[in-house]
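Positions annotated as region 'Disordered' by Swiss-Prot: 1-29, 727-758. Residues or ranges marked as topological domain 'Cytoplasmic' in Swiss-Prot (evidence: sequence analysis): 2-60, 314-361. Marked as N-acetylalanine by Swiss-Prot on the basis of similarity to another entry: Ala2. What Swiss-Prot records for 61-81, 114-134, 137-157, 293-313, 362-382 is transmembrane segment, and it gives sequence analysis as the kind of evidence. Sequence annotations record features per position, and here Swiss-Prot assigns topological domain 'Lumenal' to 82-113, 158-292, 383-758. Per Swiss-Prot, the feature disulfide bond maps to Cys99-Cys450; the stated evidence is similarity to another entry. Annotation comment: Swiss-Prot describes 742-758 as compositional bias 'Basic and acidic residues'.
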Amino acid sequence: MAVHRGSARAAPASDKVQKNKPAQTSGLEQGSRMARIFGFEWADLSSWQSVVTLLNRPTDPANLAVFRFLFAFLMLLDIPQERGLSSLDRKYLDGLDVCRFPLLDALRPLPLDWMYLVYTIMFLGALGMMLGLWYRLSCMLFLLPYWYVFLLDKTSWNNHSYLYGLLAFQLTFMDANHYWSVDGLLSAQKKNAHVPLWNYTVLRGQIFIVYFIAGVKKLDADWVEGYSMEHLSRHWLFSPFKLVLSEELTSLLVVHWCGLLLDLSAGFLLFFDASRPIGLVFVSYFHCMNSQLFSIGMFPYVMLASSPLFCSAEWPRKLVARCPKRLQELLPAKAAPRPSASCVYKRARAKAGQKPGLRHHLGTVFTLLYLLEQLFLPYSHFLTQGYNNWTNGLYGYSWDMMVHSRSHQHVKITYRDGLTGELGYLNPGVFTQSRRWKDHADMLKQYATCLSLLLPKYNVTEPQIYFDIWVSINDRFQQRLFDPRVDIVQAVWSPFRRTPWVQPLLMDLSPWRTKLQDIKSSLDNHTEVVFIADFPGLHLENFVSEDLGNTSIQLLQGEVTVELVAEQKNQTLREGEKMQLPAGEYHKVYTVSSSPSCYMYIYVNTTEVALEQDLAYLQELKEKVENGSETGPLPPELQPLLEGEVKGGPEPTPLVQTFLRRQRKLQEIERRRNSPLHERFLRFVLRKLYVFRRSFLMTRISLRNLLFGRPSLEQLAQEVTYANLRPFEPVDESSASNTDSSDPHPSEPDSEHVHSEL
């Protein structure tokens with residue numbers, strides 16, 4: 001992996017030499033074959049000196065410079081979007097009572113205006129990196145604010161954000177400004193000069209690790225059996241596959257198995273010359289699909305930009321050489337690169353030869369240690385056991401992408417006054433701007449500590465905080481993630497020790513998933529089901545909404561006692577037994593068996609069913625009137641079905657209003673779906689334009705505040721209102737936008753009625 005043939009000098013033993021000298025030894029033949037395949041000989045690995053010489057071999061800087069430019073350009077696009085510059089004032093507004101989740105509790109956000117300055121420095125650093133202007137300084141200006149913002153909020157961590165920081169860190173130590181850079185125009189030593197081979201080795205090794213470790217992680221049984229991304233095959237991108245395969249087989253064979261094979265093989269396909277063309281086709285198709293399937297920002301495009309790194313280092317020169325001569329004057333140089341002090345040259349290049357210096361040894365050490373560290377970190381969870389829950393480690397550096405999908409059915413936060421013993425309940429997520437705290441013990445501890453500091457403002461003394469969080473991972477039963485009996489404020493947590501109040505994942509119940517799918521498929525369209533598993537000695541307190549007029553509970557395994565709170569009745573259920581639950585009342589389900597219990601709620605939203613029937617009747621009536629089969633006049637309250645709501649006319653009934661709202665929504669969806677490609681592209685551009693416009697205007701306001709002081713509140717309010725305008729969008733679209741598309745934390749959908757909070 002360390003070396004690529006396209007970046008190496010020609011092997012000393014060529015095919016021509018072998019033909020002229022058939023008596024050559026087999027060792028030389030093997031060596032030349034190895035050089036053709038890997039780009040180096042065994043002799044290059046025979047000693048430390050040879051390895052240093054190999055990794056500092058002079059290499060064309062063109063390919064590296066193209067990646068530098070593309071990566072930095074994508075970071076310029078990323079900063080207002082996924083880094084959150086466009087919504088920075090919503091996240092870090094001064095004076096907010098907000099619980100935050102930094103990696104280290106000592107990390108705190110700066111005042112809002114200073115946070116805008118941090119983002120401005122990061123943006124200027126990315127711009128300088130892209131242009132190759134004051135390159136090393138620009139890399140630092142981007143890198144330090146990036147990692148500060150990254151470590152400030154664990155809830156926004158993901159694998160690709162981590163990868164961006166790693167790539168920026170690597171580029172900081174490289175000579176990526178030796179081609180196609182402003183620094184090259186200002187310094188003859190840097191202009192079109194060689195770079196050491198290790199610059200490519202580190203980047204190629206990083207991308208190889210991302211692919212390969214992601215594939216190894218997908219060897220997990222849940223992925224291989226098709227449970228991780230079970231519903232992804234419903235996306236329109238997989239429609240061609242569903243012409244010959246069922247949706248279930250498309251999910252298993254195309255989404256899961258092909259995804260596994262691609263990740264395992266992508267690095268190898270890109271590395272070898274013979275397989276690289278097919279590798280480029282596969283990974284390009286893969287990342288283009290990902291850009292449509294997931295909201296993952298610039299990640300697909302960064303990976304697309306990294307693919308040419310595996311090609312020969314001089315490919316940009318060959319491309320420039322094929323351009324018209326007039327255009328070549330505006331493009332980077334096509335001449336051969338010059339010698340550089342960063343590289344080690346052999347006697348053929350330097351008369352007296354060259355011995356590696358300290359910088360060459362340091363570059364080699366950095367390469368080897370960095371790649372070893374990247375291979376170790378995804379499996380270092382035995383050291384950071386405090387971050388292990390049902391999945392291992394801090395999410396974001398393990399490359400276990402898309403392996404685990406979660407659904408949260410029920411979240412309840414209970415507080416107890418430490419002096420009076422009074423109980424109360426909090427809305428899940430109160431004082432937070434994220435939802436990821438539900439899945440991680442470290443964040444839950446930070447959240448409980450923060451709540452214990454905020455609740456005294458609301459006359460709660462020495463608060464104790466308890467969490468009851470129910471999660472399903474990869475279509476298993478809904479079960480508790482944390483022990484609801486433990487006061488998390490006083491609970492022990494350490495990053496290096498196992499968290500005792502994390503409940504184990506009930507892996508023994510995994511085979512039930514096939515049965516659960518059969519049960520779901522046997523129900524009609526109006527019937528819903530929720531599968532629950534609970535531990536012995538615990539109970540679930542639940543409320544059945546009045547809308548759920550037909551709700552029952554059925555035991556699948558173990559033994560439970562159901563208490564109807566209002567009726568003060570208890571009923572014990574054994575395997576296969578079921579009972580009806582009254583709507584509009586609380587009940588408790590106690591697990592009394594010695595092993596975990598498994599049961600399911602089966603319910604019908606009778607209110608919704610009745611509404612659907614009424615709306616279907618109105619739709620049928622409207623169609624009959626329009627086609628002439630209904631000749632009688634409509635009553636006044638139903639006239640809006642044909643004419644719409646008329647000012648001054650009779651007030652439509654609530655049912656008719658609901659029908660009209662649905663019709664308008666369906667018409668808008670249909671209009672957007674059938675809109676021409678250029679119209680969709682225009683909407684996309686306008687949304688992005690708003691994000692960048694707001695980012696620029698809010699940054700300008702904050703920098704003005706730092707330089708000249710804050711103006712009056714009235715002026716600030718006017719400036720922010722102007723920044724929030726959408727002057728480029730049609731009036732109907734901009735007014736219909738109830739939420740800002742740049743907000744990275746949209747509101748969480750309501751939980752199912754059957755598991756609403758107390």
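Cβ coordinates come from backbone N, Cα and C, glycine included.
For the topological domain 'Cytoplasmic' (314-361), the number of residues in each DSSP class (helix H, G, I; strand E, B; coil) is 15 helix, 1 strand, 32 coil. Taking residue pairs at least 6 apart in sequence, the transmembrane segment (293-313) and the transmembrane segment (61-81) share three or more C-beta contacts under 8 angstroms.
Classification of Cys99 (disulfide bond) by DSSP places it in coil, neither helical nor stranded. DSSP states for the topological domain 'Lumenal' (158-292), grouped as helix (H, G, I), strand (E, B) and coil, give 94 helix, 3 strand, 38 coil. Under the DSSP three-state reduction, Cys450 (disulfide bond) is assigned to helix. Model confidence over the topological domain 'Cytoplasmic' (2-60) stands at 64, taken as the mean pLDDT rounded to a whole number. Outside the topological domain 'Lumenal' (82-113) by six or more residues, the chain places 119, 122-123, 146, 148-149, 151-156, 161, 297-298, 431-434, 436-437, 443, 446-447, 450-451, 454, 457, 691-692, 694-695, 698-699, 702-703, 705-706, 720, 740, 742-745 with a CB less than 8 A from a CB of the stretch.
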